[in-house]
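**Student:** Here it is, the structure, as structure tokens.
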């Protein structure tokens, strides 16, 4: 996690030129793999329509002009110059934009929001709240609740299309690279070689996801760099050898000549031209792994010139060759000299694998983010690296992607249909980014609405033109991303809707603290040894599932902790700010509330690390709470604070590094102390306490030292602190039980048919076939106690 925090929070001004150059080099393999392989299929997809490649070269020059200005307007101007600046604490992507908007305007649909969340270090605002409150756009957005839902749906549409791109990009990239074999095989063998080889490479690629990319990731940047140099060299050779005057096609007049001559078919061919932008969104989505200056430097100095040379070289060759058997032969390999075709083929396949790996990893990441916003069913998230927090693997999604990729390859069998499908997914994500960025310009950057409107109209009109050209090809492959998006949208909306309704049900049926305190006298409550962790989505009150539990079985643990694991609209929550600790009832009741906060890019800790850090945090909170109560009693404090505000003030961290700092600040409470010892089980263990790999490499123990003699005016209070710490230590030694609710959801009688289909059929099917909350929270089965709860929504 340290590495990820360092990347996400790096200030561009602090990077030396050596660091920037290194990051720019590394970004080639992660960010630009997909974008760099687009020359493999752009011309072939464009001329797959009924466009005749005539000897006047108006068609090929028009396509080159479109490609040049599209690469200039969208990746270079829109993304590199504008969108990359709309980062969320160094993070980019659709959820980063949505998070920024939610922090500057109350439009989030996430439940259990707290004022304490605004005190997080990563919860920074671009302007003061006084100025933000005067924004009429903000007031209008907050006033209409339907706009909140519309905004979330827009974000989910972009998310669904990114997932769809994770299916289509590996298929078209690898297929286009392998299709170079057509020039070395006879016509009878082409059909039986290209498709099987593509499927084998795809299966091999997805099978290796379980092992992670950190072992071979160092090869990605050299492969892409070699590929860019190769394309540039081929482009220069073709320009010099075939048509040095091809630069004339950069004149935008050729675009109008192209559309005038080709008319309807020229407009439809824009669906193939837009593929030159494939991978542009990765510049923004992977911003957190590098820096703005590094990504900008890599694109402007290497990627952009290499792509322009590659496309110009293809156009130069095609401008002197018109005798093709079919327009489908107007591809990348036709312009490669025979002597270097095999090395170029091997390098193209390697580059396509690197580009596919980037989109697969991005799919895992965006699904994990959707899960954190309660917009995706629970899936198993596995760390593939002990040192790098962001490298994750989701088994269920991986195998589904593999099956769909192979099915697309076998089903479509050509670049035309794959390109039509991929193009629609790509341009939809870009449209969503344009709309969200226009809101960021108004709400976060506090620019005039006219400026945001100009941004939206200019780039939105360009992308809408490409979108219409892709949508018209619905029957020729574009139906696939639409079908995938509709299915994923249904899953996400059903899960999100039911999750929100369950939270509202819990909020309505929670019981008061007085009820819990009076429960012991009414039922003869028994306190058993150990720590009981009651998981709930509520940040206040006692959940209904716990009241049901103690009503039927009047006993609970010696130390009771109500744990709320919640997501906040920030990319990361620093370990020192993750926990909010407060009391439930008087100190003698030994009941606490712990709110654990995660960002949308955070991955939950393993249970051993969480349990240890929770005990550390409780011990530190007990001491701090005693010192505050002493100061309040001596007249130094004011009115009694609400529980949530006290929890914010007493926020502590389970990380041993931050725990030492906190201990130094509370040494005035000498009644007890907490010592954290860390023992490495093997050398070379990771420094990432928050990752499962890091937890496996070290054993953490918490030891309590209770002073027998206390020489202070507050001896009685310190004695109470010592007793409370002794009780906590004894409960920790007795073991920990995890109490979770096992939900059964059903609709109210008289509900609409749509609601019954969504809840009774859709949600219950997903709940039964997806991971349970115990798996998502990594609860050991031996310590799990589930309480049945019926939700009538």
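In case you wondered, yes, glycine gets a Cβ from its N, Cα and C as well.
Quantities reported herein were computed from a predicted structural model and do not represent experimental measurements.
Per Swiss-Prot, the feature topological domain 'Cytoplasmic' maps to 1-22, 81-151, 286-292, 365-391, 444-448, 495-793; the stated evidence is sequence analysis. Residues annotated as transmembrane segment in Swiss-Prot, with sequence analysis given as evidence: 23-43, 60-80, 152-172, 192-212, 216-236, 265-285, 293-313, 344-364, 392-412, 423-443, 449-469, 474-494. Among the features that Swiss-Prot reports, topological domain 'Extracellular' is placed at 44-59, 173-191, 237-264, 314-343, 413-422, 470-473, with the record citing sequence analysis. What Swiss-Prot records for 420 is N-linked glycosylation site, and it gives sequence analysis as the kind of evidence. Residues or ranges marked as region 'Disordered' by Swiss-Prot: 664-698. Marked as compositional bias 'Polar residues' by Swiss-Prot: 664-675.
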**Student:** In terms of DSSP three-state secondary structure, what is the assignment for residue 420 (N-linked glycosylation site)?
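**Tutor:** Helix, per DSSP.
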**Student:** Test of understanding: give the count of other CB atoms lying within 10 angstroms of the CB of the residue listed as 'N-linked glycosylation site'.
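**Tutor:** Looking across every protein chain shown, the total is 30.
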**Student:** Grab the same-chain neighbours of the transmembrane segment (423-443) for me: Cβ-Cβ under 8 Å, and only residues 6 or more beyond its ends, written as numbers and ranges.
**Tutor:** 45, 74, 78, 82-83, 86, 94, 97-98, 100-101, 104-105, 132, 135, 137-138, 141, 154-155, 157-158, 161-162, 164-165, 168, 271-272, 274-275, 277-278, 280-281, 284, 449, 451-453, 455-456, 459-460, 463-464, 466-467, 470-471, 473, 478, 481-482, 485
**Student:** Where, among 23-43, 60-80, 192-212, 392-412, do we find the most CB pairs under 8 A to the transmembrane segment (474-494)?
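**Tutor:** Comparing 23-43, 60-80, 192-212, 392-412: 392-412 has the most Cβ pairs near the transmembrane segment (474-494).
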**Student:** Looking at 60-80, 192-212, 265-285, 449-469, which one has the highest count of Cβ pairs under 8 angstroms to the transmembrane segment (23-43)?
**Tutor:** 265-285
**Student:** Any chance the transmembrane segment (392-412) and the transmembrane segment (192-212) have 3 or more Cβ pairs under 8 A, given the pairs are 6 or more apart in sequence?
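**Tutor:** Yes, these stretches are in contact.
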**Student:** Report, as numbers and ranges, which residues of the same chain sit near the topological domain 'Extracellular' (470-473): CB under 8 Å and 6 or more residues beyond its ends.
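**Tutor:** Distant Cβ neighbours of the topological domain 'Extracellular' (470-473) are 268, 270-271, 274, 420, 423-424, 427.
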**Student:** May I have the DSSP-based helix, strand and coil counts for the residues of the topological domain 'Extracellular' (314-343)?
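**Tutor:** Counts, helix then strand then coil: 18 helix, 0 strand, 12 coil.
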**Student:** Which listed range (192-212, 216-236, 265-285, 293-313, 344-364) shows the maximal number of Cβ pairs under 8 Å with respect to the transmembrane segment (449-469)?
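**Tutor:** Selected stretch: 265-285, with the most Cβ pairs under 8 Å.
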**Student:** Hey, which bits of the same chain come close to the transmembrane segment (192-212), Cβ under 8 Å, at least six residues off its ends?
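**Tutor:** Distant contacts of the transmembrane segment (192-212): 170-171, 174-175, 178-179, 181-182, 185, 349, 353, 356-357, 360, 382, 384-385, 391, 393, 395, 398-399, 401-402, 405-406, 409-410, 413.
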**Student:** Which of 265-285, 293-313, 344-364 has the most Cβ pairs closer than 8 Å to the transmembrane segment (216-236)?
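**Tutor:** If we count Cβ pairs closer than 8 Å to the transmembrane segment (216-236), 293-313 scores highest.
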**Student:** In the same chain, which residue numbers or ranges, 6 or more beyond the ends of the topological domain 'Extracellular' (314-343), come under 8 angstroms Cβ to Cβ?
**Tutor:** 39-41, 43-44, 46-49, 51-55, 57, 60-61, 63-64, 176, 179-180, 182-184, 234-235, 237-239, 241-244, 246, 249, 414-416
**Student:** Please indicate, using numbers and ranges, the residues of the same chain that are 6 or more beyond the topological domain 'Extracellular' (44-59) and have a C-beta under 8 Å from a C-beta there.
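**Tutor:** Beyond its ends, the topological domain 'Extracellular' (44-59) has Cβ neighbours at 176, 254, 257-258, 261-262, 265-266, 268-269, 271-273, 275, 318-319, 322, 324, 327-328, 330-332, 414-416, 419-420, 423.
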**Student:** Apart from its near flanks, which chain residues at least 6 from the ends of the topological domain 'Extracellular' (413-422) lie with a Cβ under 8 angstroms of it?
**Tutor:** 41, 44-45, 48, 165, 168-169, 171-172, 175-176, 179, 195, 271-272, 275, 278, 328, 331, 470, 473, 476-481
**Student:** Per DSSP, what is the residue tally for the topological domain 'Cytoplasmic' (81-151) in helix, strand and coil?
**Tutor:** 41 helix, 2 strand, 28 coil
